[in-house]
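Report on the following structure.
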Amino acid sequence: MKPDAHHVKQFLLRLQDDICQTLSAVDGANFVEDSWRREAGGGGRSRVLRNGGIFEQAGVNFSHVHGDAMPASATAHRPELAGRSFEAMGVSLVVHPHNPYIPTSHANVRFFIAEKPGADPVWWFGGGFDLTPYYGFEEDAVHWHRTARDLCQPFGDDVYPRYKKWCDDYFFLKHRNEQRGIGGLFFDDLNTPDFDHCFAFMQAVGNGYTEAYLPIVERRKAMVWGERERNFQLYRRGRYVEFNLVWDRGTLFGLQTGGRTESILMSMPPLVRWEYDWQPEAGSPEAALSEFIQVRDWI
């Protein structure tokens with residue numbers, strides 16, 4: 001089947017609706033929608049839930065941008081895209097909970113297609129999801145990765161280990177020499193064996209996010225926390241900010257190509273703190289995190 005951008009867009013719009021409805025049902029608060037248009041072509045729907053019962057901030061963004069030509073920064077490494085019209089669409093989300101015992105989660109699924117008359121379209125899918133705990137619980141990590149493995153299984157035995165490794169490699173803070181969290185799945189440039197297969201996998205990843213995350217939220221939401229745990233959560237959120245602003249390709253591409261800044265930075269935590277050369281107390285739960293987020297096989 002030839003690539004069908006309209007079909008992908010309809011799925012992404014439904015996915016945004018489904019995820020927002022699911023998170024609202026768990027939290028009790030509602031998302032506020034901010035629809036926006038891009039002068040050069042396209043637009044999107046940014047939805048944010050603030051100060052809910054469970055989530056301090058959750059942002060779920062849909063965007064669909066298009067144009068007659070790719071920006072030079074995008075074609076420098078992909079000369080085959082020069083002179084083609086393009087469409088790029090996706091859903092991206094980040095959830096920052098109040099409770100430090102609930103991890104932060106991130107997910108993204110996206111589709112890109114570039115076309116010109118008389119030539120085959122250039123297209124691919126990308127996406128994934130990853131988990132950033134502040135306090136490590138092995139059963140949560142096992143559930144997260146088992147859900148990822150199970151959704152990958154119908155697409156081949158090698159899919160989960162390959163995209164798990166890609167996720168571990170991608171969400172790494174080189175300047176800190178540490179992982180951002182415990183990973184999950186990450187894939188990009190997916191266009192084989194055919195459109196239907198790739199689209200089905202992207203849908204499985206998008207639909208699998210809430211199955212992976214919500215049981216962890218339910219398991220941890222009643223745990224009691226205080227100032228110590230909150231301060232550690234805010235400190236570790238600093239790593240999240242550092243990764244997004246220094247290393248994340250999507251954030252950098254969006255800011256460098258005139259994307260909508262409010263939507264791009266929607267992933268940022270609402271509160272964060274840095275402390276010079278802070279070290280956790282030896283033997284404390286906070287000190288245990290650095291070992292917990294080391295790359296390993298969870299299942």
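Note: Cβ is positioned from N, Cα and C throughout, glycine not excepted.
Database features, via Swiss-Prot:
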BINDING   Ser92, Asn108, Val109, Arg110, Gly258, Gly259, Arg260  substrate binding site
BINDING   His96, His106, His145, His175  divalent metal cation binding site
ACT_SITE  His106  active site, proton donor
SITE      His175  site 'Important for dimerization'
REGION    240-275  region 'Important for dimerization'
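If you check the binding-site residues Gly258, Gly259, Arg260 against His106 (divalent metal cation binding site), none has a Cα inside 10 Å of its Cα. Ranked by Cα separation from His145 (divalent metal cation binding site), the binding-site residues Val109, Arg110, Gly258, Gly259, Arg260 are led by Val109. Within the set of binding-site residues Asn108, Val109, Arg110, Gly259, the entry lying nearest in space to His96 (divalent metal cation binding site) is Asn108 (CA atoms).
Taken through DSSP, the region 'Important for dimerization' (240-275) splits into 22 helix, 0 strand, 14 coil. The least crowded of the binding-site residues Val109, Arg110, His145, His175, Gly259, judged by other CB atoms within 10 A of its own CB, is His175. Sequence-distant neighbours of Asn108 (substrate binding site) (same chain, 6+ apart, CB under 8 A from its CB) are Gly90, Val91, Ser92, Leu93, Gly126, Gly127, Gly128, Phe129, Gly250.
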